[in-house]
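J.: According to TrEMBL, the protein has these features:
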DOMAIN    24-500  domain 'Major facilitator superfamily (MFS) profile'
TRANSMEM  20-42  transmembrane segment
TRANSMEM  123-143  transmembrane segment
TRANSMEM  155-174  transmembrane segment
TRANSMEM  180-202  transmembrane segment
TRANSMEM  214-234  transmembrane segment
TRANSMEM  240-259  transmembrane segment
TRANSMEM  331-352  transmembrane segment
TRANSMEM  358-380  transmembrane segment
TRANSMEM  387-406  transmembrane segment
TRANSMEM  412-433  transmembrane segment
TRANSMEM  476-495  transmembrane segment
């Protein structure tokens, strides 16, 4: 794990990391906010739809005065004062020959409203959603292979170009078939770009600052998502969101021109000369002069591996499965991520079905991700990864189940519980994602993280379909999500804690990662603090790492 020493030698978390790297994280967050969260916004279905059978041109005031509800048939009649009044004569209509009418105060014009993908044609809406998530899954498969074969930077740029081209084309073709195909290609790069930028940033970050990088990543996502609905409100056009996504992609590509390829990846595939060159440039940007020999001294033997073999996808998968601890960790984190994505995406979709003001609901829920990120950045380096992650999952699960059992119609209660659920899921989303980037060794990190995200997309797709159960029972989806969150907390509890550990480089490093840390490990334990004051380090655990049997042994080592 000598690469950690190289990062310290080249400036640690220096000027380059604080400027170019942080800017790339922010722009990738903007890309994901407009491409992924923007996907939800341009397909929002207004809470109420009306079909006027004998009145073709209702005013906005007349529509606003009607009772709220889905797929309602309305008969208009003239009153004594000459004004028209509406009477609801049928609920649950499937089709409207005269065209569905919506309240413009509920939400800006969306693709769903423009094409009337509501009521009997709502399946078209879910077809587009499915195409997007299938594209996202395909993107992770493609990205998982490319990022470890051609590098992180080229992968990011390729997927960004594909996604931005599809977004631009979608502003011209909004019919079901064409729009679904374009959404598929948008999905390929919507989330994958952000995840690869995050991996690239993590690989240039010393262990003491990795939580800060995760904070910037998540805080950007939450902050921009809270603003995005109001951008739609100001422009009153779903196309403006797609145009903004294209502009964000151009800015991201411009920033990447200053970003080096991952040196740890270059070393892992035997391209030592290029890696050393990038590290010397990195040191120069941080105001430090480092010679080639000084870098190579910290990488004993690396310069002799210029012909090292790059593991294929199948070879690395088989090698991972042969190592018992790495195999167990991989299965645990994939299962945890499936449930976390299931709950987060399902809860995000559910926000649009609560019957509340869509702009306020999304803004408040997403803005709360910022304080959650602050809690994470404070707690992760103090309490480790395991305990905050499990706590967020339990809080989110209990909140969802409570909301489902209470079945209240209070808007204040509904908004409070929904915001609490989404905030908790946001916290475990951030922690689990960072944990995956720290657990997997460099030689498989790119594809392993992308496969993890692929598993997450399967969870997100399942969460989307569970959210549709609200058509039958408004509180059924949150009850299911609560149960899933509690199940995820069990899996998360058995994941290793990687706080303050250097990133593993080889499969052997990954197999031996955190072997001295048991299930009761916590950085603030009394024994750890006692030994740290004396310049040492101590880990206390109540079960042995491999067997799980009780143990009273303590390990003390020099820092």
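Placement of Cβ uses the backbone N, Cα and C atoms for every residue, glycine included.
Heads up, TrEMBL stuff is auto-annotated, nobody curated it.
Any idea what these are sitting next to in the structure?
T.: Panel annotation: around the transmembrane segment (155-174), residues 31, 35, 111, 114-115, 139, 142-143, 146-147, 182-186, 188-190, 192-193, 196-197, 200, 239, 242-243, 245-246, 249-250, 252-253, 256, 446 of the same chain, lying at least six beyond its termini, place a Cβ under 8 Å from a Cβ of the stretch.
Outside the transmembrane segment (180-202) by six or more residues, the chain places 21, 24-25, 28-29, 31-32, 35-36, 39, 127-128, 131-140, 142-143, 147, 152-153, 155-156, 159-160, 162-167, 169-170, 173, 210, 213-214, 217, 221, 252, 259, 262, 433-434, 437-438, 445-446, 449-450, 453, 457, 503 with a CB less than 8 A from a CB of the stretch.
A Cβ distance under 8 Å defines the sequence-distant neighbours of the transmembrane segment (240-259), meaning residues of its chain 6+ beyond its ends; these are 20-21, 23-24, 27-28, 30-31, 34-35, 38, 41-42, 153, 156-157, 160-161, 163-164, 167-168, 170-171, 193, 200, 228, 231-232.
Sequence-distant contacts of the transmembrane segment (387-406) (same chain, six or more residues past either end, CB-CB distance under 8 Å): 340, 343, 347, 375-376, 379-380, 413-414, 417-418, 420-421, 424-425, 427-428, 431-432, 435, 475-476, 478-479, 481-486, 488-489, 492-493, 495, 522.
Here the transmembrane segment (412-433) has Cβ contacts under 8 Å with residues 195, 198, 214-215, 217-218, 222, 333, 336-337, 340-341, 343-344, 347-348, 350-351, 354, 356, 361, 364-366, 368-369, 371-373, 375-376, 380, 385, 388-389, 392-393, 395-396, 399-400, 402-403, 406, 478, 481, 485, 488, 492 of the same chain, all six or more residues outside its ends.
Below 8 angstroms of C-beta separation, residues 329, 332-333, 335-336, 339-340, 342-343, 346-347, 350, 385-386, 389-390, 393-394, 396-405, 421, 424-425, 428, 432, 435, 439, 463, 466-467, 469-470, 519 of the same chain, each at least six residues beyond the ends of the transmembrane segment (476-495), sit close to that stretch.
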J.: The domain 'Major facilitator superfamily (MFS) profile' (24-500): mean pLDDT?
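T.: Residues in the domain 'Major facilitator superfamily (MFS) profile' (24-500) carry a mean pLDDT of 84 in this prediction.
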